[in-house]
Amino acid sequence: MTRVSVIGCGNMGGAFLKGLARSGSHHLTAIDLDPDALERVADHATETTDDTAAAKASDVVILAVKPDIAGAVLGDLDLSAEQTLVTLAAGVPRDFVAGQTEAQVVRIMPNLAAETGNMAAAATNEGLTDEVRALLDEVGEFVEIDEELMDISTAVNGSGPAFAFYLIDAMKQGGIDGGLDPEQAETLAAQTFKGAAETVLRDDRSVDDLIDAVCSPNGTTIEGMDVLWDSDADEAVVDAVAAAERRSKELAEAFEDGDE
Ligand SMILES: NC(=O)C1=CN([C@@H]2O[C@H](COP(=O)(O)OP(=O)(O)OC[C@H]3O[C@@H](n4cnc5c(N)ncnc54)[C@H](O)[C@@H]3O)[C@@H](O)[C@H]2O)C=CC1
Ligand SMILES: O=C(O)[C@@H]1CCC=N1
């Protein structure tokens, strides 16, 4: 059993906590100033509190507040060298956090799918412990990277779910336009993305080979693929990733300038 505190039980902290609760094997302390946020995770936590000092009793403390208040929350935390602090705030450098706590610090970029055990995450090599590796494994897949790659990870897997939701919605709209009712169209579109993602993860073939496998000669798929290949759809996705990466770098610059 690992004693884990989550400080900030909003969208991301709440998803992480719910994902960890699935195993039923941890002591989970949910910490938030907002009673409504605590209420939303109460069924998944061992205890809920608005007192950040409760984090002192945990092996691992997950700091899941907005980047601009991370510094203030860290100022109130009095952790020891035996504890590990996991910071997941976009653009907040590991050094900034490590400079404000005695705890071992690891920076990660998770995503909302932690809630269902399907998170894609990146963790900095520096500060990563086996205890944290085990927690990340429990809620999905993670890769270990140098911190300089954290901005692109933030864009690809941190912001990525929003980009994927957008694409699923476009596929759903195509189904509705063809006559499916919205609920059926959403099920078919979302399950198709889920299945396709699972295939890419499990199948040894390249994405190009997998596209070939769906395109029957003179069939339906090639007609649609020709439309996509003639469009700028791939460039739009690359541009979206680049814009999110740029913003992550901007957030980090604010910390380098000592603004936070
Ligand atoms: N939302 C997402 O998909 C992802 C978010 N992140 C990172 O997670 C962090 C949190 O983002 P969200 O969950 O989206 O924000 P959010 O606004 O949903 O949640 C933040 C929570 O922190 C609480 N809070 C504020 N001040 C506090 C304090 N002093 N002590 C304890 N709790 C306090 C708020 O009441 C709120 O429940 C950000 O740093 C963001 O960069 C990282 C990856 C994905
Ligand atoms: O949009 C954001 O800033 C956060 C970080 C990655 C996903 N959500």
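Glycine residues also receive a Cβ, built from the backbone N, Cα and C atoms like all the rest.
Some features that TrEMBL has for this protein:
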BINDING   ILE7, GLY8, CYS9, GLY10, ASN11, MET12, ALA64, VAL65, LYS66, PRO67  NADP(+) binding site
DOMAIN    3-91  domain 'Pyrroline-5-carboxylate reductase catalytic N-terminal'
DOMAIN    147-251  domain 'Pyrroline-5-carboxylate reductase dimerisation'
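Everything TrEMBL records as a feature, shown here on the structure.
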residue	record	contacts (Cβ under 8 Å, 6+ apart)
ILE7	NADP(+) binding site	GLY13, ILE31, ASP32, THR52, ALA55, VAL61, ILE62, LEU63, ALA64, VAL65, VAL73, LEU77
CYS9	NADP(+) binding site	LEU17, ALA30, ILE31, ASP32, ALA37, LEU38, ARG40, VAL41, ALA45, ALA64
ASN11	NADP(+) binding site	LEU112
LYS66	NADP(+) binding site	GLY8, ALA89
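Largest Cα-to-Cα span within the NADP(+)-binding set ILE7, GLY8, CYS9, GLY10, ASN11, MET12, ALA64, VAL65, LYS66, PRO67: 14 Å. Neighbour count (other Cβ atoms within 10 Å of the Cβ, all protein chains): 26 for ALA64 (NADP(+) binding site). Assigned with DSSP, the residues of the domain 'Pyrroline-5-carboxylate reductase dimerisation' (147-251) fall into helix, strand and coil as follows: 88 helix, 0 strand, 17 coil.
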